[in-house]
Amino acid sequence: NSGSCAMERWAMLAACVLLCCSCTMVTAIQRADMFPYGTLNGDSVLREGDDETSKVLSLPRPLYFFNSPFSQLYVATNGIISAQDLPMEKQYVDDGFPTDFPVVAPFLADIDTSGGRGQIYYRVTEIPSVLNRVAQEVHRGFPDANFTPTHAVVATWENVPAYEEQTRPPSPPNKVNTFQAVIGYDETDSYVLFLYPEGGLNFFGTLPKESYNVEIELPARVGFSRGEIPNILTSRNEGPYYSVTSNEQSVKNLYQFGNSGIPGLWLFHTGNRYSFDNIVPASIKGPVSTPPTVGYDSHMVILFLQQCSQNAFCTDYATGFCCHCQPGFYGNGRQCLPDGAPQRVSGKVSGTVYVGSTPVSLNNIDLHAYIVVGDGRAYTAISEVPEPVGWALMPVAPIGELFGWLFALELQNSQAGFKLTGAEFSRHAEVVFYPGNQRLSIIQTARGLDDHNHLTVGTVISGSVPFLPPGAEVTMEPFKETYQYYPSVATSTSIREYSVVTADRGSESFSFQLKQNITYRDCPHNNQAATPETLQILMERVFVMFVKEERILRYAITNKISPVRGETNYLHNPCYAGTHDCDTTAQCIPLEDLAFQCQCATGYTGDGHNCYDIDECAEGLGTCGDNSECVNLPGSHRCHCQRGYEFGYDGRTCVAGLTVPLRSILGAFSTTFLHPQLQKCSSSPCHINARCINGLGSFQCQCQLGFFGNGFYLTPTERPESMCERWRASLIEHYGGKPGPQQYVPQCEPDGEFSPVQCYGETNYCWCVDQNGRMVPGTKSDDAVKPACISSVPPPTVRPTSRPDVTPPINTGITLLYAQGQKIGALPLNGTRLDESRSKTLLALHGSIVVGIAYDCKENQVYWTDLSARSINRASMVSGAEPEVLINTNLVSPEGLAVDVKRRLMFWVDSTPDVIERANLDGSGRRTLFDTDLVNPRAIIVVSSTGTLYWTDWNREAPKIESSSVDGQNRQVIVSDGIGLPNALTYDSATEQICWADAGTKRLECISSDGSGRRVIHANLNYPFSMVYYRNHFYYTDWRRDGVIAVNKHRSLFTDEYLPEQRSHLKTNCIMHTL
């Protein structure tokens, strides 16, 4: 077999191609290769219909599915086998995984065999020929399995069509599917085969039962679900599940690919009597023996359907093609990331953990990780962790160790995990604690890169952990972990020791054993890519903690990967020792002895000590082809197709995808008001209760909430419920009031019309719809960038993109600015009252953790610290302004921030190195004011009129409030007694006193700068975090209420509160004066 990649020559095919004179290939399975089926083979036939279930299929001996025994099965019309009698199809056929009942699903969709269309066969058998074939397939996919099947269940769906409403025209007679599921099992294990013969899949999804005539197909679901598990305390828990498909393209791949070495044949380990966490897929590499091969002549083109990253190239080997990342990028070729750039990970954590004998549920809580690739530092934070399990999970650093292994600092002759796995893999880890023998299972599944190029990982934790008392501290010494590498899997086993320090028992030592395997998909054709048999991870500076007040569990580990044995003299180089001063977005390149060089990461520019993102799109450096648009990302960029086009196989070339002429789609917009002379809304053409929005050569009027009409004539009366709203309410009721993240719920506009863009839940599967909710042909997209859709409801509703980033409040006088997670909000004041009706988001900062904010009234700019990016930033308070990074080097945990408007300086605290620093407002002239006698500095303010700094120190042993001059002179302690956790700090200009809110004592107090006149303003706060003073009122953010609270200074009373709809912790706030 010979050939070459012809990416340019075959651009319209958007794939690597192979031209050959005579060649052979592994063929997809044919119908003749399926397991024997039909009445002549002893099968029963399921009665025809839309929602039929077979009679009970009694099993001669129990089948273990996951780790539970089942003695009977049912086969259903809709492409599933279940271990219990099925409910009505409306309760499951349109839903995703997990299901409420046990399911083996080779093709879960709305199938209808009424009128003799298609047949469904099923049987349980002990015929040796069937059992022998099952055993052969299992031993080929799982060579180490000790498995001899005693029974097999064979279910076959032959030429079955999708359900269609009577009012729709019939589908072509050849739009039918054929597929098969075979369950083989013995006394302890079960395995399942899915077979999809060539030409057997001709539809890939079905319309929802209650679609209101909206042409939206739900892709078939393929996989396994344990169903709900009875629980004594909670009555039932959601069981584990495993999905093979996620969208329409992955359904199409079922007959084009396979995990068995044969296209169309899929194999899974599905149960074990003694211990089983989740489904394990087979992973066979290299050539396999197949039925007779097929030859092709010189005119035959074989398409390589393996998608490569846009930052990768394709190489033709003797047995097939592989993807390889381009220079400047790393990964497995399917996913490539820029060299040296910091990486972020996001995902959800779920499961049930027993702390002692108490079960604690983790219900899709957030996990975020940030990895400084340049020195292998991995920070992991899990939020909203219930307190009992938060303390108990502190020793389980392996949760965060995965990210350290993926992006570890590479020493000589080694490679980090991401170069093998890319962004799609599964990790199974088991932790056994000693001396109590508690067992904890950790399953982490990577699902690719999101639209920001961040890795998405789901984590499921289940089992038991030892109880740790509140307030306990856990320490772990540095240790080494040896990984064994095999084709498509990496494994490790180790014993870890850790110490627990409590007030009652002092320091105690414990240990646990960790066993883990990480499975991924590699490319078998590149025999030159030799993976090392063993590598060693050195984990240094292991730090774990649970913050009770914030309910955040944190792991911080520095990771280095190297050969198990080898030369170590070079480790003194600053690049390997971690003592270099390169930017976090730079690589440290070791030179001779202790010399090194800082080089900005791919996609960044600068001197290596300060690096800035290159906008590839603006500078013409993007790789996007014709008919596509370029979207800049940190260190990289992304391409998405223009309207009417869709990606080819390479993920960057756009090919025509419209099934109807473009003009027939645009014709629906003929009622748009196209008046070139009306470039602005200055003539006030709209109704007084409508908003005028400019467009390019046009304008449109949008009704305000509470009114409906065309924007020119409005009616404040109640309007009837729209089709979109009726359908939405019906589906929400169908989902039990809580739609899942992958379930479709119609998105409606405030006036009741369909939103132009519709998506499946939180997925990237989106499309455009017309005014009746019908899908616009050719607009389906599974890309991270949603399709560009225009409403067909006249006049059109314009939806601006997320830019401009700054949306300033208008004519508000006095405004409170507050930080809330990934945004900065603006809350205007009406006198001293909080004007909730005019609150808005000032800045949306996706991926950030905003902690401190400050305002420069002279230049009308807002400043903030970002704990996630470890940076200090600013933005002008004008519409369209974009954030500017001022400082992003040598920052670890930047928190409190203050601006001296008079001297044009800013001051901040960094709570990990425990320093207080200052710089000019443009980030220049940076210097350290204090780096001694600080334990955990938190809040900082500056009084410009006197040139004085004040800050709090959260030292639990000796908390204090200090002051100094802005030059770092005259440092002195103002308060050191009667305080606990002084979080918030502000200045009362009327009395010239310093005031603080204490999360420990729960008091709001004030004191003069000389230590006199101390007084309590309020003695019963909840959990204050930050505070400002204005006109005899203190305004503080409260983490118990997740809002802004107002306190009257003279009456010592709560006078007002603001609770945002998005309830998450509000951090720093400040006062903004707008003129």
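Every residue, even glycine, has its Cβ placed from backbone N, Cα and C.
Curation plays no part in TrEMBL annotations; they are all automatic predictions.
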Candidate cysteine (CYS766, CYS768) that TrEMBL pairs with CYS759 in a disulfide: CYS766
Stretch with greatest number of CB pairs under 8 Å, the domain 'EGF-like' (613-655) reference, 106-273, 341-571, 721-789 candidates: 721-789
Summary of DSSP states over the repeat 'LDL-receptor class B' (904-946), given as helix, strand and coil counts: 0 helix, 23 strand, 20 coil
Folded-back contacts onto the repeat 'LDL-receptor class B' (860-903), same chain, C-beta under 8 angstroms, at least six residues removed: 342, 344, 368, 370, 581, 583-585, 609-610, 612, 803-808, 817, 819, 824, 842-843, 845, 847-854, 909-913, 919, 921-923, 926, 937-942, 944-945, 947, 949, 951-952, 966, 985, 1068, 1072, 1074
DSSP-derived helix, strand and coil totals, residue by residue, for the repeat 'LDL-receptor class B' (860-903): 0 helix, 23 strand, 21 coil
Counts by DSSP class (helix H/G/I, strand E/B, coil) across the domain 'EGF-like' (571-612): 6 helix, 15 strand, 21 coil
